[in-house]
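Feature annotations, courtesy of TrEMBL:
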ACT_SITE  Asp101  active site, proton acceptor
BINDING   Asp6, Cys7, Gly8, Asn9, Ser10, Phe11, Ile12, Lys13, Thr124  ATP binding site
BINDING   Tyr92, Gly99, Leu100, Asp101, Arg102, Thr180  substrate binding site
BINDING   Asp121  K(+) binding site
Amino acid sequence: MILELDCGNSFIKWRVIRDTDLSIVGSGVVDSDMALVDAVSALALPPKQCRLVSVRSEEETISLSALLHQCFGLRVLVAQPAKEVAGVRNGYEDYQRLGLDRWLAVLGAYRLSGGACLVMDFGTAAKADFVAADGEHLGGFICPGMPLMRSQLRTHTRRIRYDDASAERALSSMAPGRSTVEAVERGCVHMLQGFVRSQLDHARELWGEDFSVLLTGGDAPLVQEAAPTARVVPDLVFVGLAMACPLD
Ligand SMILES: Nc1ncnc2c1ncn2[C@@H]1O[C@H](COP(=O)(O)OP(=O)(O)O)[C@@H](O)[C@H]1O
Ligand SMILES: CC(C)(COP(=O)(O)O)[C@@H](O)C(=O)NCCC(=O)O
Ligand SMILES: [K+]
């Protein structure tokens with residue numbers, strides 16, 4: 001059993017796969033290290049190996065690795081920046097500065113598409129990355145994702161206040177909002193969908209119609225209608241994680 005972790009800025013995504021056939025035996029999303037320990041403790045079979053990617057601070061990543069060692073005896077393999085993996089060349093001027101979740105999503109996207117691709121990840125931040133047919137990563141774009149947009153509005157205005165339950169209800173339609181919660185939630189989704197459409201325009205300028213589009217991240221379903229031909233791959237970062245951190 002292999003425990004795989006994707007530590008984003010808001011949540012830790014985890015899954016356990018069987019090392020023999022790579023089938024998924026458990027998965028989930030947690031908001032703290034302790035909640036992760038609880039979830040893994042509840043598994044019928046304990047994991048024997050672990051690999052993780054993190055965009056959190058070095059200290060947080062070290063402390064999570066230590067906790068996993070202490071609780072489960074795991075030695076944790078942590079994904080590191082690289083200039084080139086599996087035919088994909090990191091496009092950043094300083095390759096170590098490219099967010100590792102973006103890098104792994106790029107690796108996974110190129111593996112799955114086998115050609116030019118646009119990969120977009122909707123988490124705390126929204127990210128778009130471009131990979132040419134020959135594996136050259138051309139770079140990408142970062143902007144606030146849904147959690148950041150809504151919290152900025154809530155924090156910096158006096159009259160925008162609403163709870164999570166009404167936020168969820170507000171997204172049952174995309175019509176102009178008739179309440180604050182509808183106006184904000186739908187407005188932010190329109191921003192993300194606009195982001196998606198402009199990335200698609202950019203990809204068409206580069207490659208015509210000859211490219212694949214992959215969507216991932218917790219909020220990918222919110223933008224799917226703006227990219228009708230896109231493939232939604234919730235575990236795209238884990239595809240790249242297995243490529244960057246092979247285990248024997
Ligand atoms: N099952 C889920 N668990 C947690 N967050 C989810 C889930 N489905 C959708 N989301 C949304 O996904 C976003 C977080 O996406 P995620 O990719 O986990 O971000 P990050 O990698 O930055 O932590 C939040 O806006 C959250 O509301
Ligand atoms: C852009 C990010 C903050 C996204 O984090 P996430 O939304 O996955 O939590 C992360 O990829 C990161 O810290 N990147 C480093 C900066 C860069 O990629 O240029
Ligand atoms: K992420």
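Here the Cβ of each residue, glycine as well, is placed from N, Cα and C on the backbone.
Annotations in TrEMBL come from automatic prediction, not curation.
Taking the features listed in TrEMBL, we show where each one sits on the structure.
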| residue | record | CB count, 10 Å |
| --- | --- | --- |
| Asp6 | ATP binding site | 28 |
| Gly8 | ATP binding site | 22 |
| Ile12 | ATP binding site | 21 |
| Tyr92 | substrate binding site | 16 |
| Gly99 | substrate binding site | 20 |
| Leu100 | substrate binding site | 23 |
| Arg102 | substrate binding site | 23 |
| Asp121 | K(+) binding site | 30 |
| Thr124 | ATP binding site | 20 |
| Thr180 | substrate binding site | 16 |
Should any of the recorded positions Gly8, Tyr92, Asp101, Arg102 have a Cα within 10 Å of the Cα of Asp121 (K(+) binding site), which are they?
Asp101, Arg102
Which Cβ among the recorded positions (Ser10, Asp101) has the fewest C-beta neighbours inside 10 Å?
Ser10
Between the Cα atoms of Tyr92 (substrate binding site) and Asp101 (active site, proton acceptor), what distance do you get, rounded to the nearest Å?
14
Compare the Cα of the residue listed as 'active site, proton acceptor' against each of the binding-site residues Asp6, Ser10, Ile12, Thr124 and report the nearest.
Asp6
Filtering Gly8, Ile12, Gly99, Leu100, Arg102, Thr180 (binding-site residues) by proximity to ligand 1: which pass a Cβ cutoff of under 6 Å to any of its atoms?
Gly8
Filter the binding-site residues Gly8, Ile12, Tyr92 down to those with CB closer than 6 A to an atom of ligand 3; keep them in sequence order.
Gly8
Distance check, please: Cα of Gly99 (substrate binding site) against Cα of Gly8 (ATP binding site), rounded to an integer number of angstrom.
10
Distance from Arg102 (substrate binding site) back to Ile12 (ATP binding site), taken between C-alpha atoms, in Å:
15
Out of Asp6, Gly99, Leu100, which binding-site residues have CB atoms lying under 6 Å from ligand 2?
Gly99
Could you state the CA-to-CA distance between Gly8 (ATP binding site) and Leu100 (substrate binding site) to the nearest Å?
10
Rounded to the nearest Å - Cα separation of Leu100 (substrate binding site) and Thr124 (ATP binding site):
14
Express the distance between the Cα positions of Thr124 (ATP binding site) and Thr180 (substrate binding site) as a whole number of Å.
22
What kind of secondary structure is Thr124 (ATP binding site) part of, going by DSSP in three states?
coil
Rounded to an integer, what is the Cα-Cα distance in Å between Asp6 (ATP binding site) and Arg102 (substrate binding site)?
11
